Amino acid sequence: MQKLRITGGRRLVGEVRTSGAKNAALPILAASILTAEDLVLHNVPDLADVRTMLKLLEGMGVSVKRSGNDVTLNAGALTETVAPYELVKTMRASILTLCPLVARFGSASVSLPGGCAIGARPVDQHIKGLRKLGAEVEIEHGYVNAKSGRLKGARIVTDMVTVTGTENLMMAAVLAEGTTVLENAAREPEVVDLAVCLNAMGAKISGAGTPTMVIEGVERLHGAEHAVIADRIEAGSFMCAAVATQGDVLVTHCVPSDMEAVIVKLRETGATVETGADWVRVKMDKRPAAVSLRTAPHPAFPTDMQAQFMAVNALAEGTAHITETIFENRFMHVPELARMGAKIEIEGHTAIVHGVPSLSGADVMATDLRASASLVIAALAANGTSTVDRIYHLDRGYEAMEAKLRALGGDIVRINE
Ligand SMILES: CC(=O)N[C@H]1[C@@H](OP(=O)(O)OP(=O)(O)OC[C@H]2O[C@@H](n3ccc(=O)[nH]c3=O)[C@H](O)[C@@H]2O)O[C@H](CO)[C@@H](O)[C@@H]1O
Ligand SMILES: C=C(OP(=O)(O)O)C(=O)O
């Protein structure tokens with residue numbers, strides 16, 4: 001089992017390049033199903049989840065050529081419209097193959113992803129929306145089985161803002177007959193990136209990035225070339241690490257305007273945050289001030305940055321209230337941070353973090369993707385050595401994280417134990 005061994009107490013200083021966004025790359029890879037022509041993608045991060053999505057698509061008959069961060073997909077010979085449980089259970093984003101399969105082939109059988117460590121994560125809104133577009137959808141033996149002729153445009157209002165739901169339904173609507181209006185659509189930059197890619201493939205989507213998207217269906221999509229946007233969560237994780245270690249880090253190749261809520265909170269810690277067109281520099285020369293926050297859909301503070309900010313608050317001066325409104329069980333990092341000396345109480349959806357002057361290195365266990373990042377940040381700032389176990393969670397979503405942190409001066413190595 002691989003672990004990270006981290007000896008804390010070193011300021012992170014230097015420059016780090018942001019990778020492509022996992023949460024944009026995965027839906028865009030699934031969009032390759034929508035055309036028989038080549039989809040040429042750049043800036044695709046090398047992550048466990050990306051490898052899983054490519055394996056899933058290859059299993060369906062999609063041809064995949066990969067060279068570094070460039071991937072060319074061709075679904076011209078796709079013959080299999082089943083997403084099996086064995087792959088889906090390792091990556092929820094597999095559900096994103098459902099709507100493109102139904103839209104282009106009129107049938108799909110995709111394993112239900114089920115819950116995961118952070119919450120129940122149902123997909124009822126995807127199913128409801130797909131039915132509204134005219135598909136027959138049944139749940140049988142743990143699979144979502146869908147059938148339809150050509151889908152028909154409709155007005156769909158989701159009960160809540162759902163990122164994957166918006167993405168899936170966009171991919172159904174692009175090939176439907178007539179116009180679809182998606183109300184209460186997610187506004188995340190990754191949703192916008194998918195829309196940009198789909199429009200490059202010939203789709204007619206307007207309003208991406210607003211709560212109302214209008215999608216005029218077309219008969220077919222064609223090939224396209226697209227570069228995946230920067231990973232705002234990876235960039236934000238490095239920014240938190242800079243604050244926690246009282247460092248000075250220039251994060252390049254990112255989109256500061258996609259990270260406004262995070263940048264506001266970083267400034268509240270007392271850090272100096274400068275931004276340019278595609279970079280953010282975070283400088284910190286003192287113990288951070290405690291910063292309260294509440295997660296909510298974009299453009300509010302992202303749930304995917306909650307755990308990393310918890311690590312900063314664990315070391316802060318004062319008490320912070322962190323309220324998680326998206327997932328019912330996204331505080332699994334709390335008991336692990338406590339092993340490092342953090343003082344955190346949980347009351348319902350809120351974690352009350354009483355900052356301590358220093359954390360101490362300990363053996364801790366990652367429970368999910370962003371919890372892993374939180375533990376790494378805490379360990380980089382702690383006195384002494386920590387080991388972070390179960391880093392396969394981290395490898396799902398961070399490209400070369402330990403190499404990037406080492407280049408900033410962090411004492412971090414991957415060990416096999
Ligand atoms: C709005 C939001 O912040 N979404 C986050 C969510 O996206 P992800 O797409 O995984 O989750 P959704 O946005 O779909 O879910 C938002 C909320 O709606 C609920 N829901 C969703 C779909 C559905 O059919 N039924 C239903 O009840 C979920 O349980 C959750 O409480 O997790 C990702 C990974 O951490 C984050 O990158 C996204 O920022
Ligand atoms: C939890 C995450 O991913 P997923 O939705 O793939 O589980 C995440 O990106 O933080």
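The backbone N, Cα and C atoms fix where each Cβ goes, glycine too.
Whatever TrEMBL says is automated annotation, not expert-curated.
Pulled from TrEMBL, these are the features on record:
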- Cys116: active site, proton donor (ACT_SITE)
- Lys22, Asn23: phosphoenolpyruvate binding site (BINDING)
- Arg92, Arg121, Pro122, Val123, Asp124, Gln125, Asp304, Ile326: UDP-N-acetyl-alpha-D-glucosamine binding site (BINDING)
- 7-405: domain 'Enolpyruvate transferase' (DOMAIN)
- Cys116: 2-(S-cysteinyl)pyruvic acid O-phosphothioketal (MOD_RES)
Checklist outcome for this item: For Pro122 (UDP-N-acetyl-alpha-D-glucosamine binding site) and Lys22 (phosphoenolpyruvate binding site), the CA-to-CA distance in whole Å is 20
Item to check | Distance-selected recorded positions near ligand 1 (C-beta under 6 Å), from Lys22, Cys116, Pro122, Val123, Asp124, Asp304 | outcome: Pro122, Val123, Asp124, Asp304
Next on the checklist: Distance check, please: Cα of Arg121 (UDP-N-acetyl-alpha-D-glucosamine binding site) against Cα of Asn23 (phosphoenolpyruvate binding site), rounded to an integer number of angstrom.
Outcome noted: 16
Next on the checklist: Can you give me the same-chain residues 6 or more apart in sequence from Asp304 (UDP-N-acetyl-alpha-D-glucosamine binding site) with a CB-CB distance under 8 Å?
Outcome noted: Asn23, Ile233, Arg370
Checklist entry - What's the longest C-alpha separation between any two of Arg92, Arg121, Pro122, Val123, Asp124, Gln125, Asp304, Ile326, the listed UDP-N-acetyl-alpha-D-glucosamine-binding residues, in angstrom? => result 22
Checklist outcome for this item: Of the binding-site residues Lys22, Arg92, Val123, Asp124, Gln125, Ile326, within 10 Å of Cys116 (active site, proton donor) (CA to CA), in sequence order, we find Arg92
Next on the checklist: In whole Å, how far does the CA atom of Asp124 (UDP-N-acetyl-alpha-D-glucosamine binding site) lie from that of Lys22 (phosphoenolpyruvate binding site)?
Outcome noted: 23
Next on the checklist: Checking proximity to ligand 2 here: which binding-site residues out of Arg92, Arg121, Pro122, Asp124, Asp304, Ile326 have their Cβ closer than 6 Å to it?
Outcome noted: Arg92, Asp304
Checklist entry - Including all protein chains shown, what's the count of other C-beta atoms within 10 A of the C-beta of Gln125 (UDP-N-acetyl-alpha-D-glucosamine binding site)? => result 21
Checklist entry - For Asp124 (UDP-N-acetyl-alpha-D-glucosamine binding site), what is the tally of other C-beta atoms lying within 10 angstroms of its C-beta? => result 12
Item to check | Average pLDDT across the domain 'Enolpyruvate transferase' (7-405), rounded to a whole number | outcome: 97
Next on the checklist: Taking DSSP as the reference, which of helix, strand or coil describes Cys116 (active site, proton donor)?
Outcome noted: strand
